[in-house]
Amino acid sequence: MRSGDAEIKGIKPKVIEEYSLSQGSGPSNDSWKSLMSSAKDTPLQYDHMNRESLKKYFNPNAQLIEDPLDKPIQYRVCEKCGKPLALTAIVDHLENHCAGASGKSSTDPRDESTRETIRNGVESTGRNNNDDDNSNDNNNDDDDDDDNDDNEDDDDADDDDDNSNGANYKKNDSSFNPLKRSTSMESANTPNMDTKRSKTGTPQTFSSSIKKQKKVKQRNPTEKHLIDFNKQCGVELPEGGYCARSLTCKSHSMGAKRAVSGRSKPYDVLLADYHREHQTKIGAAAEKRAKQQELQKLQKQIQKEQKKHTQQQKQGQRSKQRNVNGGKSAKNGGKSTVHNGNNINEIGHVNLTPEEETTQVLNGVSRSFPLPLESTVLSSVRYRTKYFRMREMFASSFSVKPGYTSPGYGAIHSRVGCLDLDRTTDYKFRVRTPQPINHLTNQNLNPKQIQRLQQQRALQAQLLSQQQQQQQQQQQHHSPQAQAQASTQQPTQGMVPNHFPGGATNSSFNANVSSKQIQQQQQQQQHKSQDTGLTPLEIQSQQQKLRQQQLQQQKFEAAASYLANATKLMQESNQDSHLSGTHNNNSSKNGNNNLMTMKASISSPNTSVNSIQSPPSVNSVNGSGQGVSTGINVSGNNGRIEVGIGNSVNPYNGRIN
C-alpha cells in the first residue's frame, strides 16, 4: 500500500506495516495493479479435476462440468419430454427418468434394442470425433462462397436425416439412431478444440477462421507493350508492370499520371479529349431523356384535361337529372335547384392568372388595417376629447377669407372624437390651416399644369385683395374732400374758386387713373401668363413689380390723407377764431390767400415752395399761439412731398389731437 492511500483513508501506520506485502524487506509495491502482469503470465495450475478427489468428496452419480466458462456446454434436447440433457446423461435419462417412456413396459424388446443402440452411439462418440474433425478441416480449406454453400447443403441433409429418423422412430424401427445428429455436433464441438460459430449457426474451427482472411483485390499488372498510354493510366506499379486503368484512374495521383512517359500529347490534353468524347455521349442521352420527359408531361396534361372534361360532362348530366327530378316534388325541387346553382358556379368559375392573383393579394394587403387590442395610454380619453373640442371650437370661430377652407373639422365633428384616416397611428390630431378651395378638378392635368394653376390662383387672390383695399381707401378720401370743398367755398366767396378744389380733385383723379392702369396691366399680365404659361421665376419677378407699384400707391394715398387732415384742422381753427371775435377780416383773408397759394404750389410739384413751409399767419394768428404747424417740405427736383402735421391749440392754450 502507498503512503498516499494511508493518508487519504486514515489508516494507521502500524496497520500498514503489518499488512504490507514487502514486510520491510525490499521496496514496497505501489498497488495491486503491479501484480496484474504476473497473474496473466502464470499458467493455470489445475486443467482438470482429480478423479480421486471426486470419488472421495462426491457421490458416484454426481457429474461435474470441467471448465464451464472456457468451453461450450454440449447438450441435447430429449424429443419425448423436451428436457435439455448432457451427452453423458442421455442414456440414464432414457432408461430411468424420461416421462415419455414411463407409460410403456420396460420388457418391450424394441425399447431394449433402442437403448443398446444409444449406448453404442455414446461409446462410439469418442472414436468418431477425430474423423469428423479431419473432415471439417478439409472442408474449411475452400473459399467463402463454397463454405456457405456446403454449410447450407449440410443443413439440408441434416434436416432430411432428422425427418427420416423421426419417421423411423415413430414406426418403432430398430435401426433408428436418435444420436446421429448429436454425434456430428459433438465431433465439431469437442472440448480439446477451439470452436467458433459462423453466421449460419454451423460450428467452425479456429484454424478455418485464420484461413478466411479477405485479400485486397488488385488489378493485374500488365506489360508495357500491351498498354495504350494515350487512353490508359500507365503508372508503374511497385509489384512490376503498369496500371491498365483509364485516364480517370482514382488510385494514382495526377502528378504520377503527368510524369508517365510515352504519351503522344500531354496528360491534360488527353484527359480533356476523353471528357469531351464521353460528354457528347452523355449529352445525347440527356437530350433523349429530356425529350421523353417532355412527351410524358404533354401526355399527362392531355390526360388531365380529358379527365376534367369528362367530370364537367358528368356534373352537367347530374344537374340536368336533378332539375328533372326537382319538377316532381317541391322539396326535392328546392334542394336540386340549390345544388344546381352550386354546380354552375363551380363550372363557370374563372381561372385567374398568377399576375391577377398577385394584384388581388397586394390590394388586400394594402387595404388591411390592423388595430391593436391594447395600446399605451398617455393621457385619459376625457382630457383628450376636451382638448380637441376646445381647439376645434377656437379654430372654427375665427373668420376665414372667401375661397379658403375652414381650419376646424366643423361644429359637429368637434364634439366627437374624430379619426384621421390618413394618419391613424398619430396620437395627436394635426392643426389644419386654411387652404384655397380647388373649384376645378385636377384629374386630367400634369403636375406642372397643376402648379401653374395654383400660382395663377394666388395672383388672382392678391389682386382681388388689392382692389378691395383701394376701393375702401377711395371711399374714405371722397368724404373728407367734399367737406373741405364746402368749407373753403363759404369763406372765400369766389376768391380763387378753382385752385384748392381743383388741386384736390386732380390728386384723387390721378390716384384713380394710376390704380386703374395698374389693374389693367395686371389683368394683361394674367392673360399673357394663362396663354403662354410662365415659369416660377417669371411669376416671382411679376409679383415683385406688383409690390413696388403697391408701395408707390400707398405713398400717394398717404400724402392725400395728410392734406385732408390739414384742411380739417384749418377749418376747426377758423371756426374757433370766428367764435372768439378777436380775429380781423384782414388776417383771415391773408390766411386764406396763403393757404390757396400753398395748395396751388402743392398741385404743381415742380415749383419751389420753400417760402411757404411756415407762414406766419398760419403758425401765429395776431401774435397769439393759436395756429397749425403744417411742416410741408417739397423738393423741387424729385417732386416728393413730406407733410408734417402738428397739434392745433385752442384759445385756452390746450392742445387738440
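Here the Cβ of each residue, glycine as well, is placed from N, Cα and C on the backbone.
What Swiss-Prot records for this protein:
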BINDING   CYS78, CYS81, HIS93, CYS98  Zn(2+) binding site
REGION    98-225  region 'Disordered'
COMPBIAS  107-118  compositional bias 'Basic and acidic residues'
COMPBIAS  131-163  compositional bias 'Acidic residues'
COMPBIAS  174-193  compositional bias 'Polar residues'
COMPBIAS  200-210  compositional bias 'Polar residues'
DOMAIN    220-286  domain 'SCA7'
REGION    287-353  region 'Disordered'
COMPBIAS  306-321  compositional bias 'Basic residues'
COMPBIAS  325-336  compositional bias 'Low complexity'
COMPBIAS  469-493  compositional bias 'Low complexity'
REGION    469-532  region 'Disordered'
COMPBIAS  504-516  compositional bias 'Polar residues'
COMPBIAS  517-526  compositional bias 'Low complexity'
COMPBIAS  572-583  compositional bias 'Polar residues'
REGION    572-636  region 'Disordered'
COMPBIAS  584-594  compositional bias 'Low complexity'
COMPBIAS  600-636  compositional bias 'Polar residues'
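Mapped onto this structure are the features recorded in Swiss-Prot.
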residue: CYS78; record: Zn(2+) binding site; Cβ within 10 Å: 18
residue: CYS81; record: Zn(2+) binding site; Cβ within 10 Å: 15
residue: HIS93; record: Zn(2+) binding site; Cβ within 10 Å: 18
residue: CYS98; record: Zn(2+) binding site; Cβ within 10 Å: 17
- request: Mind looking up the mean pLDDT for the domain 'SCA7' (220-286) in the predicted model?
  value: 84
Query: Three states by DSSP: which one describes CYS81 (Zn(2+) binding site)?
result: coil
- line: What DSSP reports for the domain 'SCA7' (220-286) is 28 helix, 5 strand, 34 coil
